[in-house]
Amino acid sequence: MTERLRIALIAHDQKKDDMVAFAKAHEQALARFDIVATGTTGSLILDACPSLSIQRVKSGPLGGDQQIGAMIAEGTVEVLIFFIDPLSPLPHDVDVKALTRLGSVYDIPMALNRATAEKLIKALD
C-alpha cells in the first residue's frame, strides 16, 4: 500500500475566498491527498467541502505557518499551495518568508497563486 501525498493549503485573509473556491472546484482531486491547513483556512475549506479530511494546525500568525514549515523540513508535507496576498502588509511576514524559503530549500512543488495551483493540481491528479 502506498502512502498518500500530503499537501498543505494556506491562504492569507484576502485570498481565503479564492482558496475555498479552488478547493470546491478540485474537491475530488484533493480527496486523494492527506491535507494539512492553517486553522482558519482549514475551517473555511471544511465548511465548503465537508467530504475532505483536513488536519488543522494553528492560524498562520499564531504559529501555523511555522508548524507547516517544520512538516516540510521533516519531509511529511510534499506539496505547498499558499495563496499569498502581495498587496497587504502582514505582521507575520517573516514566517511567510521562512515557509516559502523551506519550500524552496526542500525543493517541493509550491504554488503561491491560483493560476499556478490550477496547473499543479492537474499535474498531481
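Including glycine, each Cβ sits where the backbone N, Cα and C put it.
As recorded in Swiss-Prot, the features of this protein are as follows:
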ACT_SITE  Asp65  active site, proton donor/acceptor
BINDING   His12, Lys16, Thr38, Gly39, Thr40, Thr41, Ser59, Gly60, His92  substrate binding site
DOMAIN    1-125  domain 'MGS-like'
Binding-site residues compared (Thr38, Thr40, Ser59) - highest count of Cβ atoms within 10 Å: Thr38
Reduced DSSP assignment, His92 (substrate binding site): coil
Site of maximum Cβ density within 10 Å, from binding-site residues His12, His92: His12
Cβ contacts of Asp65 (active site, proton donor/acceptor) (under 8 Å, same chain, 6 or more positions away): Ile10, Thr38, His92, Asp95, Val96, Ala98, Leu99
Diameter of the substrate binding set by C-alpha atoms, the set being His12, Lys16, Thr38, Gly39, Thr40, Thr41, Ser59, Gly60, His92, in angstrom: 17
Rounded mean pLDDT for the residues that make up the domain 'MGS-like' (1-125): 94
Within the domain 'MGS-like' (1-125), residues counted as helix, strand or coil by DSSP: 65 helix, 20 strand, 40 coil
